[in-house]
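Chemist: Let me give you the structure first, and then I'll get to my questions.
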Amino acid sequence: MLASILASGLAMGAIYALIGITYNTMFATSRVMSFTAGQLGMLGGVLGSLFMLRWGLPPVLALPLTLAAAALFGVVTEFVAVRPVLKSLEQHLYVLSTLAVALLVQQVVAIEWSTEPQPFPRLLGIGSGVWDEKYWLPVAACAATVLGLEYLYRRTLVGRAFVAVAEDNYAARALGLPERNLRIASYALAGAVGALAGFAGGQLLLAFVANGPLLNFYGFIPVALGGLGNNRGAVIGGLALGLFQQAANFLAGGIFASVAVFSLFIVVLLAAPQGLFGAPAARRV
Amino acid sequence: MPTVAEALTPAAAPARPSVLPSLLPFLGILGLAALLPLSGNEYWAMIGTRAAIYWVLVSGLNLVVGYAGQLAIGWVALLALGAYTASVLAAGNLGGAPWPAFLATAAAGLVGAAAGVVVGSPALRLRTFYFAMTTLGFATIVTQVALAWQDVTGGGIGLPGPAFPAPFDTAWGFYYLCLGLAALCTWMAGNAARSRFGRALVAVRDAEVAAEANGISKPRLLVTVFVFAGATAGVAGSLFAGLQTYITPEAFSFDLSLLFFISILIGGRGSILGPLLGTVILTLLPEIAAPLAAWSTALYAALLLLIVLAIPGGIAALLDFRNRRPLESNRAIATRPALLGALLPEERRRGEGLALRGIVLAFGGVRAIDGLDIDVHPGEVHGLIGPNGSGKTTTLNVISGYYRPQQGTLALGGAPLPAGAPTLRAAHGIARTFQTPRVVGEESVLDNVMLGGTVEGRAGFAEALLALPRQRREERAMRERALAALRVVGLESLAEARADRLQHSELRFVEIARALALRPAFLLLDEPAAGLSTEEIRRLGALIRAIARQGTAVLLVEHHADLIFDICDRVTVLNLGRVLAAGTPAEIRSHKEVVSAYLGG
């Protein structure tokens with residue numbers, strides 16, 4: 001049992017961590033927490049299933065197509081729900097505008113796709129038992145994403161520009177960085193990362209419209225625990241959440257697991273509103 | 001003095017406005033709703049009942065979302081809790097005899113009130129998005145527990161709702177019951193919104209720092225409205241279960257939560273009528289556009305997006321005709337220091353001085369204040385000048401409690417004043433203005449000024465809800481005093497205008513009027529002359545002198561050296577957080593170091 005708790009816990013944790021990174025990537029360039037993060041994960045599963053099972057495309061083609069479509073959705077989100085409300089960030093209108101976009105996507109998928117969970121195909125056919133690909137694929141995807149982002153942020157010019165905008169928007173603009181284009185790019189990147197989570201975890205989560213709100217919530221917990229904008233915190237928080245949730249699931253049953261996760265989340269948040277690895281808030285007066 | 005006040009009161013000053021025009025839309029809606037049975041169609045009774053029940057919940061939630069600005073998107077959790085509480089008690093599932101429906105409804109209200117505090121309390125510590133997420137989590141958890149706790153809730157199969165006795169057991173009878181409760185909730189929510197609690201909620205939303213300076217404690221205030229919003233949601237839940245006759249966890253979907261939330265936003269923040277119309281419209285929409293029923297969530301979402309992007313003010317802004325009339329363009333601020341006597345009577349508490357001793361405040365390695373002693377005496381204007389970064393505003397913030405110094409003491413008339421705790425300052429008679437005026441743009445100028453009197457309100461939230469005599473008396477007095485303060489600064493003709501339509505210089509005087517409405521023993525002014533014209537500065541100077549002559553101690557931070565030397569009795573010059581010089585204006589003007597460091601030769 002310990003092995004299956006570990007396997008499914010790490011797999012789910014990796015998915016949550018990836019959604020957390022999706023939140024962070026969008027937040028970094030826009031200071032906006034977007035309700036579309038979980039929907040991107042849902043889209044990853046639904047689009048993957050659509051491309052492979054309904055259209056019969058091979059995974060090699062389906063993956064880039066899925067990521068591209070989700071990246072496009074990310075860009076649309078930026079144009080429709082983020083850019084217009086950036087001027088009045090302190091009014092928190094983004095909570096409402098991104099919520100609206102997320103709900104629109106969810107309803108379209110529910111009606112045009114299905115409200116029931118649909119199958120997601122095996123991708124490589126490697127492994128069985130606790131070493132089944134459905135367990136290690138999300139972990140591999142998460143590791144690849146983290147390494148890729150580290151490389152991007154540290155070694156490439158574009159990545160450094162990202163970091164600059166995330167650190168200090170005004171200063172970055174004063175230096176002549178194309179802040180708007182970087183923001184669009186970060187939403188595309190976030191779209192791809194979110195969809196990768198859904199695609200890699202498709203065999204666990206299936207192509208299911210209800211994954212949207214679910215991932216929205218469980219993907220937010222690592223962000224809240226790890227501190228806003230902190231990817232390493234999100235990975236640690238995500239894996240811890242996955243393990244805790246699966247352990248509670250195996251030991252005490254599903255409902256208890258959700259209640260336990262939620263209670264823990266509230267307690268930790270109230271005790272440390274900045275997250276366990278976050279920085280304290282700025283001065284107000 | 002009152003005779004002078006009367007003589008100088010311009011005819012245009014707003015008297016107590018008649019409440020009838022603002023009541024008319026509500027009476028119209030109620031009248032239409034009461035006539036609904038004429039349709040003779042019981043299907044409409046069901047729709048009408050549903051709208052009334054939703055409004056019972058939304059009327060409370062509106063204070064949380066529309067007034068306090070807390071994004072509680074999962075409030076359906078409380079509807080579910082109320083529905084299950086009433087149903088379980090009415091069915092006797094917890095053991096014991098089945099409860100009568102009305103008693104079960106009251107219990108649902110109580111449970112809702114308690115749960116409202118639980119669901120709402122994270123808002124006291126968390127940021128917006130975080131709070132929205134936690135309420136969402138509660139909504140999920142409540143349905144999951146309802147599913148799992150089969151012995152009591154019937155699990156996925158559900159259980160019957162409470163059956164209300166005659167004459168409420170027919171479709172139209174139940175409709176009138178719900179309509180009556182909806183009308184009652186409208187009245188109570190309206191009373192609360194127009195009381196000092198309503199003003200404080202909006203202030204917490206839009207000008208939190210100013211709210212603290214006026215003695216408003218956000219946690220206490222929010223918990224109070226969470227109790228109310230939870231109670232109305234609990235009662236609505238019981239009625240909802242009665243209407244459904246049978247409830248399952250599926251009935252409490254996130255879509256329903258969204259309907260409540262979006263009704264308020266479509267209606268407009270800080271309004272009762274707007275969200276009422278929003279609730280009615282959103283309840284009717286899927287019925288009128290039947291083919292769209294499957295797309296109702298998408299419809300709500302599209303509406304939400306439209307509202308946020310195109311008309312952030314919602315229906316209320318569309319209906320706000322009064323604020324579309326242009327304001328007089330050629331306005332001058334005519335201060336009337338002579339009227340101060342009516343506002344600040346001589347018998348006020350005075351004779352207490354404010355003393356700062358050895359204050360040290362460091363931000364990291366920077367010592368913003370480094371061993372500061374200052375005494376501010378009643379009846380004196382004390383100027384605080386110095387170059388940028390010398391610690392002037394920081395000193396004000398220490399006095400107002402926003403910063404807690406690492407060393408040193410504050411004392412008020414010999415008694416120590418606790419460091420930190422900004423919300424306790426107003427009760428000590430300490431009022432202040434800010435470098436950038438912090439007013440509530442979406443409220444009227446008069447409401448902004450009335451905020452200054454908040455701390456003196458004694459009537460509790462329950463009294464405000466029911467508009468009991470003490471509440472009405474206090475409200476009248478507060479209003480009179482705010483108008484008097486506006487006359488002193490010469491802005492009474494703009495009392496009913498939305499504050500965000502005023503010019504910058506006028507907002508400075510609105511802040512002063514708000515501070516005067518507290519009838520302060522101490523007035524802290526942070527660069528009040530910044531951005532004013534020469535003539536306005538002259539009037540401001542005369543006003544400040546007059547305020548001090550009434551016995552108020554004034555501490556004035558300013559860069560206009562002329563103003564300082566004109567009106568101050570005492571001047572302290574700061575440099576790098578230390579006192580460079582202190583004395584009368586004449587002494588300072590001839591002080592060598594000050595002249596070379598700050599004033600310029």
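Cβ coordinates are placed from backbone N, Cα and C, and glycine is handled just like the others.
Because TrEMBL annotations are produced automatically, they should be read as predictions rather than curated entries.
Copying in the features that TrEMBL gives for the protein in this structure:
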- B:20-40: transmembrane segment (TRANSMEM)
- B:52-81: transmembrane segment (TRANSMEM)
- B:101-121: transmembrane segment (TRANSMEM)
- B:128-150: transmembrane segment (TRANSMEM)
- B:170-189: transmembrane segment (TRANSMEM)
- B:221-240: transmembrane segment (TRANSMEM)
- B:299-321: transmembrane segment (TRANSMEM)
- B:354-601: domain 'ABC transporter' (DOMAIN)
Chemist: Where does the mean pLDDT land for the domain 'ABC transporter' (B:354-601)?
Modeler: 92
Chemist: Against which stretches of its own chain does the transmembrane segment (B:299-321) lie, if we need a Cβ under 8 Å and a gap of at least six residues from its ends?
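Modeler: 255, 258-259, 262, 265-271, 273-274, 277-278, 282, 285-286, 289, 292.
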Chemist: Test the contact criterion for the transmembrane segment (B:221-240) and the transmembrane segment (B:52-81): 3 or more CB pairs under 8 Å, pairs 6 or more apart in sequence, then answer yes or no.
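Modeler: Between the transmembrane segment (B:221-240) and the transmembrane segment (B:52-81), contact is present.
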Chemist: Using Cβ atoms only, state whether the transmembrane segment (B:128-150) and the transmembrane segment (B:52-81) have three or more pairs under 8 Å that are 6 or more apart in sequence.
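Modeler: Since 3 or more Cβ pairs under 8 Å link them, the transmembrane segment (B:128-150) and the transmembrane segment (B:52-81) do come into contact.
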Chemist: Go through the chain and flag residues at least 6 beyond the ends of the transmembrane segment (B:52-81) whose CB is under 8 A from any CB in it; none is fine as an answer.
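Modeler: For the transmembrane segment (B:52-81), the nonlocal Cβ contacts are 33, 108, 111-112, 115-116, 119-120, 123, 128-129, 131-132, 134-143, 146, 175, 178-179, 181-182, 185-186, 188-189, 192-193, 198, 201-202, 204-206, 221-222, 225-226, 228-237, 239-240, 243, 249, 251-254, 256-261, 263-265, 267-272, 274-276, 278-280, 283.
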